[in-house]
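Okay, so here's the structure we're looking at.
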Amino acid sequence: MDVKAEVIEIIDELFMEDVSDMMDEDLFDAGVLDSMGTVELIVELENRFDIRVPVSEFGRDDWNTANKIVEGVTELRNA
């Protein structure tokens, strides 16, 4: 499974929300993510992709859409 498909699956599993049709929509504004959800998402991303997301790199504006999450995970996997 590619990064995009897996990120979509993780968001769906955690938040019961299919974001495949809203990849560029702000997930906070859409009510998908909140502060607790963000923590859950980071933990799951770290476990599934064997990455570490530094707090300094997880700004809301940098990871607020599914596409930005995919980009962030991809960058951390390639680091």
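Backbone N, Cα and C atoms are what each Cβ position is placed from, and that goes for glycine too.
Sequence annotations record features per position, and here Swiss-Prot assigns domain 'Carrier' to 1-77 based on sequence analysis. Across the domain 'Carrier' (1-77), the prediction's mean pLDDT works out to 94.
S35 (O-(pantetheine 4'-phosphoryl)serine) carries a helical DSSP state (H, G or I). For S35 (O-(pantetheine 4'-phosphoryl)serine), applying a Cβ distance below 8 Å and a minimum sequence separation of six or more within one chain yields no residues. As annotated by Swiss-Prot, O-(pantetheine 4'-phosphoryl)serine applies to S35.
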